[in-house]
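Here the structure comes first, spelled out in C-alpha cells, and everything after it is commentary.
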Amino acid sequence: MGKDSVAAAVAMVELTDAFSWWQDMNDSPVWQDRIFYTLAVLYGLVATVALVQLGRIQLRVPEYGWTTQKVFHFLNFLVNGVRCVVFIFFRNVERLKPEIVQHILLDVPSLAFFTTYALLVLFWAEIYYQARAVSTDGLKPSFYIINIVVYVVQISLWLILWWKPISGLLILSKLFFAGVSFFAALGFLLYGGRLFLMLQRFPVESKGRRKKLQEVGYVTTICFLCFLVRCIMMCFNAFDKNANLDILDHPILNFIYYLLVEILPSSLVLFILRKLPPKRGITQYHPIR
C-alpha cells in the first residue's frame, strides 16, 4: 500500500506540473503571440496555395468561366485569407466591443468553410446521380436553400445576442454550428461513400479508376473526420469553460483546434485535388449554372 500511495502521489504531482505548464503557456503574452502568429502564417500559406492553384486552373481553361473547381479554390483562398488576417490582428480583435463582434469575426470564416466543402459534396452528388441517369435538377436549389437557412439562422442568433447578450443563446449558437458540422460530416459520408462504392464497381481496366477511387476515399475520410471533430469540439466549447475557444483564453487549444479542423484538412484536400482540369474539348467539364 505504501508503494502504491507514493506512486499515486508522484503521478498527481506530474499531472499538476503538466497542467501548470499548460496554464503558464496560455497566460504568457509571448506564447500567445507565437501561437496566433504561427496560425496566421499557416493560414496564409494555405490561402496562397489555393490562389496559385486557382490561377493555374484559370490559365488552363479560361473559356469555362466560374466552374465548381474554380469556386472551390476561390472559397478556400477567401476562408484561409480571412483567418490569416484575424490572427495577425488577434489582439485588436480581442478588444472589440460588444463581445459578439469577436464571435462573428471567428465564426464567419467557419460558415464559409462549411459552404466551401458543401460545394464539394454537391459536386460529388451530381456525379453520382448523373452516372445513375437520375435527374440532378434539385441538387443546386437544395444546396442554395441549405446554405441560406444556415446563414439566416446564424445571423439571427448574432443579432439577438447583439441586442441582448444571453449566455443561453450563445450556447445555442455554438450547438447550432455543431449540428451544421455534424450534417456536413454525414453529407461526406453519404455521397463520398456512395461515389466510392460506385467507382469500385467500375471495370478494373477503366482509365484513372484507381487514382479517382483513392482521391474520393481520401477526401471523404479527411472531410468526414474534420467536420466530426469540429462538431465534438463545438459541443465541448458550448458547455465546458476549460474547452472555451475564445481567442485569447486558450491559445494552445485554439492552435490544436484550427490545425485539426481547417488547416490540415484544407492542405490535404488541396494537395489531393491538385490535378488540373482537362483542356478544352472534354465534355465532362461544365461551368456552374
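Cβ from N, Cα, C; glycine included.
In TrEMBL this protein carries:
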DOMAIN    19-289  domain 'THH1/TOM1/TOM3'
TRANSMEM  35-59  transmembrane segment
TRANSMEM  71-90  transmembrane segment
TRANSMEM  110-129  transmembrane segment
TRANSMEM  141-163  transmembrane segment
TRANSMEM  175-197  transmembrane segment
TRANSMEM  218-239  transmembrane segment
TRANSMEM  255-273  transmembrane segment
Folded-back contacts onto the transmembrane segment (71-90), same chain, C-beta under 8 angstroms, at least six residues removed: 32, 36-37, 39-41, 43-44, 46-47, 50-51, 53-54, 57, 105-106, 108-109, 112-113, 115-116, 119-120, 123, 247-248, 258, 262, 266, 270, 273, 288
Residues of the parent chain within Cβ reach of the transmembrane segment (218-239), under 8 Å, 6 or more residues beyond its termini: 110, 117, 120, 171, 174-175, 177-179, 181-182, 184-185, 188-189, 192-193, 195-196, 245, 257, 260-262, 264-265, 268-269, 272-273
Beyond the flanks of the transmembrane segment (35-59) by at least 6 residues, Cβ under 8 Å: 67, 69-70, 73-74, 76-77, 79-81, 83-85, 87-88, 90, 247, 251-252, 254-255, 258-259, 262-263, 266-267, 270, 274, 276-277
